[in-house]
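Annotated features, as they stand in TrEMBL:
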type     : residues                                                    : note
BINDING  : GLY43, VAL46, ASN50, SER289, ASN321, LEU386, ASP389, SER390 : Na(+) binding site
DISULFID : CYS148-CYS157                                               : disulfide bond
TRANSMEM : 37-55                                                       : transmembrane segment
TRANSMEM : 67-88                                                       : transmembrane segment
TRANSMEM : 109-136                                                     : transmembrane segment
TRANSMEM : 235-259                                                     : transmembrane segment
TRANSMEM : 279-303                                                     : transmembrane segment
TRANSMEM : 315-339                                                     : transmembrane segment
TRANSMEM : 374-394                                                     : transmembrane segment
TRANSMEM : 415-441                                                     : transmembrane segment
TRANSMEM : 447-468                                                     : transmembrane segment
TRANSMEM : 488-510                                                     : transmembrane segment
TRANSMEM : 530-550                                                     : transmembrane segment
Amino acid sequence: LAQPVTPELLVSPSSQDGDLGSECPEDRGNWTGRLDFLLSCIGYCVGLGNVWRFPYRAYTNGGGAFLVPYFIMLAICGIPIFFMELSLGQFSSLGPLAVWKISPLFKGIGMGTILIVSLVAIYYNMIIAYVLFYLFASLTSNLPWQHCGNWWNTALCLDHHVIKAGNTTFPVNITNTVSPSEEYWSRYVLHIQGSSGIGDPGRIRWKLCLCLLLSWTIVYLCILKGVKSSGKVVYFTATFPYLILVMLLIRGVTLEGAWKGIRFYLMPQFDHLLSSKVWIEAALQIFYSLGVGFGGLLTFASYNTFHQNIYRDTFIVTLGNAITSILAGFAIFSILGYMSQELGVPVNQVAKAGPGLAFVVYPQAMTMLPLSPFWSFLFFFMLLTLGLDSQFAFMETIVTAVTDEFPYYLRPKKASFSAVICIALFLMGLILTTEGGMYWLVLLDDYSAGFGLMVVVITTCLVVTRVYGMKRFCRDIHMMLGFKPGPYFRACWMVLSPATMMALLVYNIVKYQPSEYGSYRFPAWAEVLGILMGVLSCLMIPVGMVVAVLQEEGTLWEVGVQQASQPAMDWGPSLEENRTGMYVASLAGSQSPKPLMVHMRKYGGITSYENTAIEVDRKMEEEEEESMM
């Protein structure tokens, strides 16, 4: 007789030998390796923002003291919402659109998510194209942004060798000068002098266009077979950046003046903690760094087996992401400390955030090192791998969302559909390759995932806890993982997380500042266009409500709204053997009213998971009896 097999709760089914896809729908696909899901989440969360935003935010908001609000906001806002998204995806095995079977009235949230992700994917791949441009430019014996004297340089250009010589012979006024790396970025790579503003894009920069085409080609080849192909690529793209980051860190801290930069980065200024701005900045960093609300986490979790231990994975990814950000700060500021000593200027004059750090300051610092092309290549290769992981997630989110809506038509043609999406987004991104493309990129960056994303996340949190119900949601997690979320998660989901995000939203609206790039101020029509991008994703929610109510029969409130807000008939686990209690036999075409028997035949007896399911069913019956009395 076959011996009963009891799966352990802390060992995910995906890490056991045998048929790894036995619990997942075959036509949808699932993770095939032990670490595919975990590494994909790490790669998705650990992105460009960890390198070029966190260190700058930390030093401008109290240095080492910034870590206090950072970790508090991680506990209040980051970890709970992260766990909620993973739970929704894994429980239903559905993408960001189809998952709203949980409450069809709010399907517009999924539509808003897809709109946001599509806009972000357009400009995010342009950043990867810039990285590729610099990567190829580093394949030389002398970096092209090392000295002045090139055709793109102006009379204002002054390189660091002249500054260093000036420190010993005569004082050099550097206030009205420009570094070679800055002119290389603005006048050669962007050729921004060919555009007078956002309304005058100028000509297409064909080298940038080819780099954008290459980046989309790389992304398409990696997501060609869905998570089965991207799940293998992340074994390299999610781990290799850590190797390069450690190499840059070791090289950085051994340079003269490195500790000057590190001290500047981490010197605690506790008086900053009394400022509300610091707490808002910490929450914003957590919000965008973990990638909550973009649908990527939900999509990745939807390819898990039903009993994957996402509780453990949540803490591994969120804490790993935080530690990586801090580590990146050491690597960046050690180099900036060396650079400030070489130039003879304070660290705060060389420290920048965003593209200014990646494409101006850090490349300039590389020219001061021996073997500068080697270190430059490593730095940009690290940025490439960091960016690609996040782009995989954005594309997988879009493709999964649409194919889950039309599974019979699109799933068999998923590779072709992915190609259509990539081509469409590439064509929409061509304006970013023009001489005025940076203005459009700044506009997209400022507005595509601003207040619209916050509205989406706040609404999701409220719908799950208030409309679907906290009891029901916790019961689903209990059925899936074998335990209910504790008071910490319930308190965050009900009050702390939505309240914090509401404060973020209000702060962003009250402290609204028009977009700018350097000294250029965007015209009013561009600001209106940007605001419309954010508003459009919010409008998807009421539009989805109207569509859902119109699809229901009966009066508007009594039947339409109330019925549309209830879970769909087929809401629940995707496989029959995982459907118990209220989910039994609710799948279309279900033949088995007792899915537990499927498990009993499979394992040779009742497993620990079935015991959990039986316990959940019993408690549900008791609650129903109490409510009837």
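Cβ from N, Cα, C; glycine included.
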Which residue, out of the recorded positions CYS157, LEU386, shows the minimum number of other Cβ atoms inside 10 Å of its Cβ in this structure? CYS157
Once near-sequence residues are set aside, which residues in the chain of ASN50 (Na(+) binding site), 6 or more away, have Cβ atoms under 8 Å from its Cβ? SER289, ASN321, THR324, SER325, ALA328, LEU386
Give me the CA-CA distance between CYS157 (disulfide bond) and VAL46 (Na(+) binding site), in Å, as a whole number. 35
What is the Cβ neighbour count of CYS148 (disulfide bond) at a 10 Å cut-off, with all protein chains included? 20
Take the C-beta pairs under 8 A between the transmembrane segment (67-88) and each of 37-55, 109-136, 374-394, 415-441, 488-510. Which stretch has the highest count? 488-510
What are the other residues, in sequence order, whose C-beta lies within 8 angstroms of the center of the C-beta atoms of GLY43, VAL46, ASN50, SER289, ASN321, LEU386, ASP389, SER390 at the Na(+) site? ILE42, TYR44, CYS45, GLY47, LEU48, GLY49, GLY291, THR324
For the transmembrane segment (315-339) and the transmembrane segment (530-550), check the count of CB pairs under 8 Å (sequence separation 6 or more) and say whether it reaches 3 or more. no
Six or more residues out from either end of the transmembrane segment (374-394), which same-chain residues have a Cβ under 8 Å from its Cβ atoms? 40, 43-44, 46-48, 50-51, 117, 120-121, 124-125, 127-128, 131-132, 134-135, 138-139, 143, 215, 218-219, 222-223, 230, 233-234, 236-238, 240-241, 244-245, 247-248, 251, 291, 294, 296, 299-300, 358, 362-363, 366
CB contacts for ASP389 (Na(+) binding site) [other CB atoms within 10 A, all chains]: 25
Local Cβ density at ASN321 (Na(+) binding site) - other Cβ atoms counted within 10 Å: 25
Selection from 415-441, 447-468, 530-550, the stretch that has most Cβ pairs under 8 A to the transmembrane segment (488-510): 447-468
Other than its own, how many Cβ atoms are within 10 Å of the Cβ belonging to VAL46 (Na(+) binding site)? 28
Taking only the CA atoms, the spacing between VAL46 (Na(+) binding site) and CYS148 (disulfide bond), expressed in whole angstrom, is 35
GLY43 (Na(+) binding site) has how many other Cβ neighbours within 10 Å of its own Cβ? 27
